[in-house]
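Only one structure is covered here, and it is reproduced in the block below.
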Amino acid sequence: MSNIISQAGQKAKEALTSAPSSKKVDDLKNEFKETDKSARLTTDYGVKQTTADDWLRIVSDDKIGPSLLEDPFARERIMRFDHERIPERVVHARGSGAFGKFKVYESASDLTMAPVLTDTSRETPVFVRFSTVLGSRGSADTVRDVRGFAVKFYTEEGNWDLVGNNIPVFFIQDAIKFPDVIHAGKPEPHNEVPQAQSAHNNFWDFQFNHTEATHMFTWAMSDRAIPRSLRMMQGFGVNTYTLINAQGKRHFVKFHWTPELGVHSLVWDEALKLAGQDPDFHRKDLWEAIENGAYPKWKFGIQAIAEEDEHKFDFDILDATKIWPEDLVPVRYIGEMELNRNPDEFFPQTEQIAFCTSHVVNGIGFSDDPLLQGRNFSYFDTQISRLGVNFQELPINRPVCPVMNFNRDGAMRHTISRGTVNYYPNRFDACPPASLKEGGYLEYAQKVAGIKARARSAKFKEHFSQAQLFYNSMSPIEKQHMINAFGFELDHCEDPVVYGRMVQRLADIDLGLAQTIAEMVGGEAPTTTNHPNHGRKTINLSQTEFPPATPTIKSRRVAIIIADGYDNVAYDAAYAAISANQAIPLVIGPRRSKVTAANGSTVQPHHHLEGFRSTMVDAIFIPGGAKAAETLSKNGRALHWIREAFGHLKAIGATGEAVDLVAKAIALPQVTVSSEAEVHESYGVVTLKKVKPESFTDAVKIAKGAAGFLGEFFYAIAQHRNWDRELDGLHSMIAY
């Protein structure tokens with residue numbers, strides 16, 4: 001056992017030391033401490049300890065006496081433990097992150113003077129933190145929620161924090177409403193229920209009463225709110241920023257991140273189950289992908305509107321509850337981000353990282369977006385509450401460029417500032433402000449005129465047009481998922497006033513949608529609407545418009561289900577091909593001890609059928625073998641694996657005798673299987689009944705109608721889900 005532990009520790013150490021480095025990672029290495037056999041236990045003040053098991057006490061041969069308060073070692077250990085926790089983030093408490101790099105491949109010098117967006121030879125270190133919004137730090141990953149997508153760029157000119165979400169709009173236009181929208185979404189105050197959910201009275205009461213939230217809650221009820229992976233979701237800056245170029249010209253901009261792997265989501269039943277079966281699903285998925293070298297990547301894009309064109313649209317471009325439709329303002333992709341290194345320790349890096357929307361570099365600025373103006377105060381203020389006034393001196397927050405100013409003192413000050421002056425101007429002319437030529441930050445000379453008032457422009461008062469645009473732009477399956485989501489959420493609202501009024505609000509999006517939901521949740525069905533659906537659509541709102549450039553199974557998890565007597569030829573070929581395509585084969589057996597193949601070879605499964613679930617994989621494959629198929633056909637959990645994977649619309653592959661096993665488990669006449677030596681695909685179920693020696697020897701080509709079994713099966717996996725099963729109602733015909 002000690003040898004196994006030693007090997008595990010060595011493997012973890014090698015993973016960290018072999019991971020890609022960067023200027024920021026090198027900076028952090030000064031803070032590293034290695035925990036290994038050569039080290040000896042000490043106090044925080046460096047004195048070596050002889051034991052960590054016994055408090056200093058009065059003892060005799062036959063009894064234990066009182067513990068002594070004089071023991072400094074014991075008191076330090078307890079005191080340190082008692083004070084380990086820092087204030088939890090009010091929102092975005094549940095998070096995970098990674099290091100990486102950012103590079104522009106097309107200079108945006110026409111828009112900005114910021115080298116991070118113009119210098120194509122530069123590679124900028126980044127740390128990215130993904131998060132849910134409503135849940136506490138210990139809540140589940142797969143809840144229905146907005147996901148935070150925050151990027152800290154460690155540029156040579158200072159830190160730039162792009163603090164966004166996986167949804168491009170927000171619930172409110174003005175930051176003054178932030179306490180209300182979050183209070184309404186958090187657990188209800190009288191009983192602290194529910195955790196990390198929007199399916200309750202207060203959330204939906206706020207949505208009805210605050211009509212500007214209508215666009216955002218349609219996104220929150222879409223598949224965007226239950227991503228398959230953090231690596232498979234878009235990111236958006238949400239707010240309207242500005243870019244200023246070297247000629248002093250300003251553009252309004254929105255920032256976009258688009259994943260290389262495409263935009264994919266869980267299905268709702270799967271998300272619900274995973275919240276209990278594997279509450280760390282997203283966190284582990286990101287870690288596993290990076291550890292396996294399947295580094296997630298995103299394209300970085302900019303939407304830009306010239307200052308003189310600010311008022312040319314029927315919406316206000318400073319309104320955070322509105323998108324800039326891409327058919328009106330195309331996204332220009334100029335760069336790429338790759339995450340390639342896991343954190344060395346969660347707390348001092350992922351937990352203590354502090355993002356501030358106010359952290360920008362020269363060439364990037366702020367618009368008058370009223371939500372952004374308030375965020376610039378709120379984010380900075382909350383970091384002081386969580387981490388103290390010197391939070392930017394923490395290693396993870398520390399810039400990689402020189403930092404010099406006359407800020408002094410405060411709790412947990414790390415910097416030792418030498419010299420005899422701590423002010424400017426001073427007699428030495430020490431640390432003077434930088435000139436523009438030296439890279440000093442240039443504020444745009446914006447002319448402002450008006451009256452002081454608590455008011456918004458007329459365009460800010462239109463709240464339904466883009467909610468309709470989003471709903472209209474969904475594919476049929478995405479619309480059905482939104483209907484199901486509204487039905488689930490409002491079913492959990494006990495107050496008839498809440499779900500009754502929300503049905504009426506949905507009529508402002510689409511009358512048919514409202515009538516369908518009314519029947520599901522028991523509200524009065526509206527017959528008219530004050531805001532008829534305008535019928536317009538736009539591009540790149542549906543997730544179906546973001547497939548990978550080529551079909552791929554990269555980083556997908558494929559379960560191979562075996563039992564004694566399995567076909568080792570099919571197993572070996574599938575395992576090798578899955579690995580070769582950068583996917584992750586997971587062997588599942590009736591037990592975790594070794595399973596014997598038909599030829600006498602053995603393999604030890606990664607998990608057993610009861611210890612793992614189909615929810616945790618993207619596809620399942622069952623190789624043939626008469627004895628194995630018979631064993632699995634009598635195993636209720638094995639049959640449930642097949643049925644659940646089918647119900648969740650996942651690719652299912654089977655060869656040889658396992659074909660009949662799959663047919664028995666699904667038992668639907670619409671789903672047909674192979675009966676000869678030809679590969680057959682039906683609703684994403686790929687089968688090959690009669691296996692020939694050459695069945696697995698051909699090179700695997702991932703394509704529709706591929707000649708080989710594995711090519712066809714991998715293509716089914718690459719489609720993410722077989723939506724036809726749901727559109728044709730097959731998924732609801734079996735129990736899972």
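Glycine is no exception: its Cβ is also placed from the backbone N, Cα and C atoms.
Annotation comment: Swiss-Prot describes 1-29 as region 'Disordered'. According to Swiss-Prot, the feature heme binding site maps to R89, R129, F178, R375, Y379, R386, an assignment based on experimental evidence. Per Swiss-Prot, the feature active site maps to H92, N165; the stated evidence is experimental evidence.
H92 (active site) sits 10 Å from N165 (active site), counting Cα to Cα. Between the CA atoms of R129 (heme binding site) and N165 (active site) there is a gap of 11 Å, rounded to the nearest whole number. Between the alpha carbons (Cα) of F178 (heme binding site) and N165 (active site) lies a span of roughly 15 Å. When the alpha carbons of R375 (heme binding site) and N165 (active site) are compared, the span between them is 14 angstrom. Reported as a whole number, the C-alpha separation between R386 (heme binding site) and N165 (active site) equals 21 Å.
Annotated pair N165 (active site) and R89 (heme binding site), C-alpha to C-alpha distance, rounded: 16 Å. Neighbour list (R89 (heme binding site), Cβ cut-off 8 Å, at least 6 residues apart, same chain): G95, R137, T382, R386. In the three-state DSSP classification, R129 (heme binding site) falls within a strand. R375 (heme binding site) falls within a helix when secondary structure is assigned with DSSP.
Ranking the recorded positions H92, R386 by how many Cβ atoms sit within 10 Å of each one's Cβ puts H92 at the top. The Cβ neighbour count for N165 (active site), using a 10 Å radius over every protein chain in view, is 24. Close to Y379 (heme binding site) in the fold, though at least 6 residues off in sequence, lie V163, F355, C356, T357, S358, each with a CB less than 8 Å from its CB. DSSP assigns R89 (heme binding site) to coil, not to a helix or a strand.
There are 23 other Cβ atoms within 10 Å of the Cβ belonging to R129 (heme binding site). Looking only at other Cβ atoms within 10 Å, the busiest spot among the binding-site residues F178, R375 turns out to be R375.
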